[in-house]
Every structure is written in C-alpha cells, then in structure tokens.
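As structure tokens, the structure follows; a few thoughts come after it.
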Amino acid sequence: MASVSALTEELDSITSELHAVEIQIQELTERQQELIQKKKVLTKKIKQCLEDSDAGASNEYDSSPAAWNKEDFPWSGKVKDILQNVFKLEKFRPLQLETINVTMAGKEVFLVMPTGGGKSLCYQLPALCSDGFTLVICPLISLMEDQLMVLKQLGISATMLNASSSKEHVKWVHAEMVNKNSELKLIYVTPEKIAKSKMFMSRLEKAYEARRFTRIAVDEVHCCSQWGHDFRPDYKALGILKRQFPNASLIGLTATATNHVLTDAQKILCIEKCFTFTASFNRPNLYYEVRQKPSNTEDFIEDIVKLINGRYKGQSGIIYCFSQKDSEQVTVSLQNLGIHAGAYHANLEPEDKTTVHRKWSANEIQVVVATVAFGMGIDKPDVRFVIHHSMSKSMENYYQESGRAGRDDMKADCILYYGFGDIFRISSMVVMENVGQQKLYEMVSYCQNISKCRRVLMAQHFDEVWNSEACNKMCDNCCKDSAFERKNITEYCRDLIKILKQAEELNEKLTPLKLIDSWMGKGAAKLRVAGVVAPTLPREDLEKIIAHFLIQQYLKEDYSFTAYATISYLKIGPKANLLNNEAHAITMQVTKSTQNSFRAESSQTCHSEQGDKKMEEKNSGNFQKKAANMLQQSGSKNTGAKKRKIDDA
C-alpha cells in the first residue's frame, strides 16, 4: 500500500497541474473573447457594406464616404472658395470633404483620422461657411493656444475661454455670442468650462435661442470613454450639449479610437445616429524604428546629436521626453553642443510657450524638446524627425506623437529609444488609470518585437488588417535580413522566481534594479540564492528577458506609495505556477547567431541614403571636439564621471 507521503506528493502534483490548467483555460477564454469581438467588428463592417451597396438606400442617410464626396451641394461653392482663399489650400485630403459635407448638412459625424491628416479643417472651414459660431471643446489649453495662433495668421476670428481669462475678455466673449453682427466664428473651451460654469451654459442657451450657436466640435473625442487612452472625467459632462441644444450639429474628432471607444463616446455625448468615417492608420511616408536606449546619458545625447548634425542637418524635428525635468536637461545638453533647441512643457509661461512655438515654426529653432503637452494641433508640415527620448505610455499616444512628422507627405523618421528603466517610471505614473498598465505593456511588447513589421503591430492594435509587404521597408524590422530563432529561457524564469521567493521570506521587496543585481550575483549578499548561477549575458539582454516575463505575466509589478513618489517592485506573477510542470517552456525570439549567445537585433535603418552616413561622419569630428571640450571643463567638477567613448562615435 502506498505511503501517505507518496499520496500527498501525488495530490500536490495534481493540485499544481489543475491550477496550471485553470490558467490555460483563462488564457483561452480571453482569446475567445478577443475573437468574438473581432467577429462582431467584421460582421458589422460586412453589414455596413451591404447597406451601402443597396440601390434603394436614401442618399440622406447614406453613411458611405462616397455618397458625400461630391461638390454639388448648396454650400459647395462657398466651401471651395474658403479652402483656397482663406486656408490657402488647393485640394482636400482624404475624408475631409466628406466630413465637411456631413456636418454642413446638420448631421452628427465622428472622424477618425491619423495625426497630420487635417482633422481641424473639418470644423474650422464649416464654421466660416455657417452663420453664428462653432463651440470647440479641447482637452488642453496648449492645444487651444496652438490652434488660435494658426487661425490668427489666417485672419480668422477665434478666441478661447479658460480659468485664466480676464473678466473683461469673458464679458466681451459673452457679448459676441449673442451679437448678430459678430465676426467671431470659433470659441475654444476646455470640457471643465461646460461641466462647471453655469454662467457660460446660460450664455450658450441665449446664443442658441438667437440661432447664433450652430455647431459643436469635440476634439480628441476618445477622451469621453474610460476605455480610451486619455480618459478625462469632465468629458462625461458633454452629453448635456446635445440634450440642451439638439439642433446644433456635433462633430467628434480623434486620431486614435477603436470601435468600442467610439460606441462608448456616442452614448456619452447623447447621439442617437452618427456617421463614422475612418481613415487608414497608415502613414506611408513615415519610417518607424526602435533603438536600444544607451544606459549612459552622455552616450545617449551623443547618439541624438549625431543624428541631428548628420541625417537631419538643418531639418526640423521634435524630441519627446517623459518629464518636464528630462525636457529641460536634454535641451541644455543639446544647446551646449551647438544644437538650436527649445524646451516646451505644461509649466512654461504662456508667452514662453508661444515664443518657442513661433521660433520653431519659423525655423529659428531646429528642435523642440517637449513633453506630451506639445503637439496636439501642431501643423508644421516639414517635420523630418520625431525622436522619443522615452517610449510613450500607450500605442495610441505613440501613434499620435510620432504622427507629427512628415505632414507634407515627404519621408520622415520616427525613432523611439527603448529603455528598461522607462517601463517602471511610466508604470508608476499610470498605475491609477483604468487600463494604464495594460496599455503600457502593449507599448513594451511593440518595443521588444525584433521581427514583425511595425505597421502590422500598429494595425493589430487599431483593429485593421495589414499586409507587411505594403510597408515597403519603411520600418526597421522589415529592413532586417537577419534570421531569427526561439530561445528557451525557462530556466532564467525559474532562477528569478527563486530569488523573489527568498526575498519574500526575508520580507524584502525587490525593485527591478535590485532583482537584476541579485541575478547577476551583485548587491546585498542576503538577496543572492545558492544554486542560481549568474548569467553571462550583457545586462541589456537580461533587462529584455525580465521585460518579456513581465508582459507574459510570469512576473508582476507591485507598488508602494509614499508622500513623494510611487515605487515599483517586482513580484512572482500569476503564470509562474505553470513552471511547476517540468514540461512547460518559455521561449523568446532572438536573432540567430553562430555564436552561443543571446543577442537581440540592434536597430538599423535601410531607407536613408549613403549621404546620411557621410554627413554623420563629416559632423562627427566637430561633435567629438565639442564633447571633449565639455568633458575637459566638467572634469574638475566630476572626477568620477565615466569617460565618454568619443573614439567609438
């Protein structure tokens, strides 16, 4: 008869296996829900196509873009005249004319269009073709300031109201809202103005009764939905506008929204029937690239300066940073090396923001080093590069920010520097957001991918089907001619879990930095585990492996909140129990190599001309001299600083 200990051991094994099966069932259930959702989307699209092709369909309610791509409406002559003589444009971009015709017909419409596609024109031009004024709701004051600057240059009467508006200005705007002879065409407000100002709502009612309030434009309409990447609670109050002013047509605009987000936004805005026009996410002139972020700040700045002085010599660009502090520090570093750069962030004085924007627009400043506060509504067509000093907090944000390059349809580069530490800096910021961590991990997955077309990865996120061949080698992954293989990294995961278990027993919390140090046999001796052999891989490879385990849920983040900061720690994740099954394997794609090593493919570009390299080499000497002088000057201040690798530039 079997002993109790043997039976107990078998029972424990079965229990562990059952737990693993439960996790697998959960994963399959999640996948099932994804497929069901995609099936619904495709079914809806097929139904829409069939309805659009129905010969008996009424043109008044025909939601196909083709039905509205005409110039025989009563307002068409005026629209064309204003396009050419006020906005100084010869023709419309895709879906602009269709959207303008729908809103001119007094109907509700949502427009999903890539950043740089010309969404703003779709409510600005109709405002000039209509009596009265259009109310524009924007999420950021900086966005309103950007738009007003452009409108002023075009000679269009527009203004904004916010918390810092003077009493005299508020009084003037309120008077203009009901003045039948007023030339004021666009009034910009934040959603807080609608939610919290009874005085303003009262004035809107009087303007509506006087038939002066004709249209509502909700910019960044994805902010309505809690499932959107930038949910704002005050956007939920905007439903009052259609309830109180049903005859004022509404137009909602966004660069990034899934079908789920748009449906949610439609309910929140109290819209019964709504046209939805969606342009393809693809910007064929943009080249996407992910680079490993150098761990040394000086090396990092050197890499950026070589790009600016080489490939982008004399060309305009944006560098996006994670924080205001990063923005200012990078700006100073670039200026010290001869780059004409200006910082831009939310805490700048309005006049300073305007100065930076104006100088950049006039090419007096080559590079704006900015936080996310810069960009919405930016309409500089000749931006040749957008560099991300740190990755964005979501795919939607990255798509929107990188999309500010190449609005003139000429080739432009979108280069993202991916660093392990940025994961946890951003995670600590988005932890309180509804789906903040999930969206961040999608961004990490994009950065970690070394083989799949960048456009395919984006298309999957935005519910589109994309053939990688259509990329035309306009991303780093499509340019690679390396072979790839799946590397078994299961034992690495087992070792990390041993380290984390020991830390738990000692009542210790491990930050990502401490976990790597312990794994490498460094740091506090008590955190090292007997039997865990330090891997021989470079630190950046170990970081990629840990990031892989994190997004695959073998590890998870835990947070500690202090009065001054949110600290991220790593703990054992929900899928770690799968490792109780000896047959369970975790693999990771790596570049195939003849050497017995784990190496992720380094970033490379293939669309740049040989002249780029020559230009970089030509400017490299000047850069090295400047860098050497800087080091010489700072040497006495920081004798322990690491010597910059100038010879490797």
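Glycine is no exception: its Cβ is also placed from the backbone N, Cα and C atoms.
According to Swiss-Prot, the protein has these features:
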ACT_SITE  Lys119  active site
MOD_RES   Lys514  N6-acetyllysine
MOD_RES   Lys522  N6-acetyllysine
MOD_RES   Ser597  phosphoserine
MOD_RES   Ser602  phosphoserine
MOD_RES   Ser634  phosphoserine
REGION    481-592  region 'Winged-helix domain'
REGION    595-649  region 'Disordered'
Do you know offhand how many angstrom separate Lys522 (N6-acetyllysine) and the residue listed as 'active site' by C-alpha?
53
Within its own chain, what residues at least 6 apart in sequence put their Cβ under 8 Å from the Cβ of Lys119 (active site), listed in sequence order?
Leu111, Met113, Asp219, Leu253, Thr254, Ala255
Tertiary neighbours of Lys514 (N6-acetyllysine) (same chain, Cβ under 8 Å, six or more apart):
Gly523, Ala524, Leu527
Under a three-state reading of DSSP, tell me whether Lys514 (N6-acetyllysine) is helix, strand or coil.
helix
